[in-house]
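Have a look at the structure below, then the notes.
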Amino acid sequence: MKRIGVLTSGGDAPGMNAAIRAVVRKSIFMGREVFGIHRGYLGLINGEIKKMNLGSVADIIHRGGTILLTARCEEFKTEEGQQKAIDNLRKYGIEGLIVIGGDGSFRGALDLGKRGFPVIGVPGTIDNDIPCTDYSIGFDTAINTVIEIINKIRDTATSHERTFVIEVMGRDSGWIALESGLAGGAESILVPEVKFNIEQICDKLLKGYRRGKLHSIIIVAEGAARGFDIGEAIKERTGFETRVTVLGHIQRGGTPTAMDRILASRLGAKAVDLLIQGERNKMVGIKGKDIVAIDLDKVLSEKKEFDFNIYELANTLSI
Ligand code: F6P
């Protein structure tokens with residue numbers, strides 16, 4: 001394999017640039033040429049393909065977002081779209097493609113794989129909802145962003161003796177809420193994986209209040225409920241002064257943490273190794289300390305496990 005292509009697709013995630021850098025530099029180190037595809041699958045269909053060199057990825061390891069740009073592309077879901085993409089890859093002599101993104105991006109990658117084009121997926125999403133890997137690129141940065149904001153909200157929540165509801169991203173997954181909630185010392189964490197009971201949440205708040213607690217923080221995953229609805233429900237039942245903050249896309253930006261840069265560098269480099277070794281239709285992931293390769297078919301047929309032990313621990317510690 002002489003020429004490798006790389007693209008980012010779906011929602012951006014901090015650390016994607018570090019992954020692109022790893023793919024480009026490892027490919028060149030291995031004597032291969034590498035091409036960057038702009039705007040994900042949309043750019044692949046439109047032929048937005050440029051050769052990259054060592055300098056193309058200089059000074060990007062610390063930057064959030066993706067220098068290759070990203071897009072969500074409906075046309076790629078069609079057979080014609082996929083054929084155009086393969087034609088463009090062949091036009092540039094690209095023999096293998098590395099796709100950095102989430103599960104939607106991997107579905108697209110597998111479509112190419114099933115048409116005979118070698119692909120390797122690199123998990124990049126703040127949601128951490130990809131099965132077969134402990135973490136995806138961007139998650140660590142996102143939860144650090146969330147806890148920084150929880151700290152700030154705590155200051156004002158304490159001063160005014162208020163209850164704060166903070167809605168976080170995660171799509172259908174509760175991982176961001178779970179880990180930022182534990183690290184941020186939230187009183188309650190609402191996730192789509194566990195049915196919640198608003199009466200119990202309010203009882204806990206009232207108990208805390210009777211003990212002299214000055215403020216409370218409730219973390220709500222967007223997949224569990226709307227933060228504003230929870231805020232209303234709490235106010236109605238407890239009479240507490242309640243405020244709601246929806247964090248939104250702030251969670252997708254910012255300089256990646258060391259953890260995300262290291263993960264991205266390891267996964268990006270491994271993806272190149274796999275392509276060169278003749279592997280195809282795999283995803284690279286991290287299990288414990290090890291970088292592993294898993295069939296994309298398997299990844300897409302499973303659901304990411306939720307860590308109920310961490311959830312229980314968070315409940316125990318916020319008694
Ligand atoms: O998948 C990443 C994510 O940020 C989700 O947490 C969120 O639900 C979604 O993307 C938002 O998508 P968009 O940026 O298209 O509004």
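Placement of Cβ uses the backbone N, Cα and C atoms for every residue, glycine included.
Of the residues proposed, Arg72, Arg90, Arg154, Arg252, the one TrEMBL records at the same ADP site as Arg21, Ala22, Val23, Val24, Arg25, Gly185, Ala186, Glu187, Arg211, Lys213, Leu214, His215 is Arg154. Glu222 is the only one of Glu148, Glu222, Glu232 that TrEMBL places in the substrate site (with Thr125, Ile126, Asp127, Arg162, Met169, Gly170, Arg171, Arg243, His249, Ile250, Gln251, Arg252).
The candidate list Gly11, Gly15, Gly31 contains one residue that TrEMBL assigns to the ATP site with Arg72, Cys73, Gly102, Asp103, Gly104, Ser105, namely Gly11. Note on the binding-site residues Cys73, Met169, Ile250: the fewest other CB atoms within 10 A surround the CB of Ile250. Neighbour counts were taken at the CB atom with a 10 A radius for the binding-site residues Arg21, Lys213, His215, Arg252; the maximum falls on Arg21. Candidate binding-site residues: Gly11, Gly185, Glu187, Lys213, Arg243, Ile250. Those with a Cβ under 6 Å from ligand 1, in sequence order, are Gly11.
On the 0 to 100 pLDDT scale, the domain 'Phosphofructokinase' (3-275) averages 97 in the predicted structure. Under the DSSP three-state reduction, Gly185 (ADP binding site) is assigned to coil, being neither helix nor strand. Rounded to a whole value, the Cα-Cα separation of Ile250 (substrate binding site) and Gly11 (ATP binding site) is 13 Å.
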